[in-house]
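Structure record follows, encoded as structure tokens.
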Amino acid sequence: FSLPRLLIMLIAVIFALVGATSAVCPATYTQINGGDCFKLYTTQQTFDNAEAICVQDRGHLASVHSAQEQTALTAIMGATTPLIGMKCTDAVPSHCTWADGTAADYSNFPGGTPIIVYGSCVHLATTDQLWYSWNCASPIVGFLCRVPFNAPPVVACTGGYTAYNGGCAALKTTVRTQTDAEAVCALDGGHLASIHTDADNAFYQGLGTAAGLSNLFIGLAFNTAANSYKWVDATPYTYNKFANQFPNTVFGECVQMMLSTEFGTLGQWTNIPCSTPMAYVCWKASGETPVKAPAECPGIQFLYDQATIYSPNFPVSIPGSQSCEYVLATAVGTKASVSFPVFATDATSTLSLYYGLDETVARSTLSGTVNPDTVYESTTNVMKMVFKSSAAPTGAGWEANFVAVGGIDDGHTEPPFDPATGCPQQQYTADTYLYSPNWPEKYAPLADCLYYIHSPDERKMTIQFDYVDTEKNFDVVVVYDGPNNRSPILATVSGESNGVVQQFHSSGTSLTLEFFSDANNEGKGWIANVFNL
């Protein structure tokens, strides 16, 4: 051999060895004839339940494609007569189908044909290596699963999820409407489950039956615009398990799986109104649950006009002994409103709602579970939420939707934003928030804006600058201790706050702010919080 030819052969051998050592069978599976991996399960199952178990392993009920392959399988079959993945609808073997979608290119029936009168499924025999027809709905002891050699490992699932079909599935027993159920699945990183095979249906049916449920939501609903049924995860609608006389949108546009025989076979589907609360099943592609918030509170959080807020480490768990404060502010003339599409804590982990910064008695204290349709609305444009977790909390935590709504009837008429000057409105009533012009964008050059603040109950006020970013000594907020800009100067504020909060206290029931900026070097602006002492 020439040297180049020897090198080529050596490289080929190295690549072959690398490929051989990197390929693996799943744990407890055995490679057959240098090909795919097989496993014998010895529990008693119907065809659909057996296929669901194989799918959990990233495979299917076994297909068999040669006499050599079948002979090799006898080494792991023992004395069982296991189900395999074939189904036949007539006596022609080539018309049969495999659960894994491969070609029906080999069979070994007595006389060469399946006997459909005995059933459309198939099991093997150890005594004569022949294949025998079997009733798919009848349980049989033993079944063979086949998983591709070097298939990706089964996903590690956490947070109540279990591995299924390359991802993670979970049964959620807290009843919700279909919309709210999908929202919870989405927070976990997935969707309401879509079902595409008998094995899928059997798997989710098994979850519900084991929990003693009578029905559960799946991710199918009638889409009026498309005039057809669609899965919420946008996968193709190519399979259904509707009971007789269904689908029928007279009964509702969403779809439930029945876990009783009220409409016929266990696991069939019927229509139901989407607003009916019930248990549901989620599926997600990844084993990791996306974390929506840090595991620890980052100090007081200020939120403006609208936001989605999450408890620490949501939705994985609640860290112990946390104390978190959230200040929700809206424009003067509106109110802060919150609702909780998800709320799951132990009884001693609480979220308290205050309708103003100076309130010391909570208007509502929430724990355990909360109706997702309940809306909590402040009486002012500021709401404070304080979350305190117990030493050993349980539950996923909570999600809050915060929006500005309505208006406040406090006897004061608030002038609108002035487009000519670029300044916000001038008149304010404590408790309230003030913002630099054009917030949260940079303020404009040559600004000159006035803010008048009045205490409605004749109390003194505190003005607190939570954030400042202006050109130092050139773009300045002047605080006057009185009803106009001829009153005594209480403070001047400029530069960068760098996390330092500045507070100033009025001597009476009025404050005035004036903000000036020069022609150069605008900053982001500032936020001030005014509240009664």
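Using N, Cα and C of the backbone, Cβ positions are placed for all residues, glycine too.
All annotation found in TrEMBL is predicted automatically rather than curated by experts.
Residues annotated as disulfide bond in TrEMBL: C297-C324. According to TrEMBL, the domain 'C-type lectin' annotation covers 33-136, 164-283. Taken from TrEMBL, the feature domain 'CUB' covers 297-405, 423-533. Look at TrEMBL and you will find 1-23 tagged as signal peptide.
In the structure shown, across all protein chains, C324 is the one of the disulfide-bonded residues C297, C324 with the greatest number of other Cβ atoms within 10 Å. Taking DSSP states H, G and I as helix and E and B as strand, the domain 'CUB' (423-533) has 0 helix, 54 strand, 57 coil. For the domain 'C-type lectin' (33-136), the DSSP counts in helix, strand and coil order read 30 helix, 26 strand, 48 coil. Sorting each residue of the domain 'C-type lectin' (164-283) by its DSSP state yields 26 helix, 42 strand, 52 coil.
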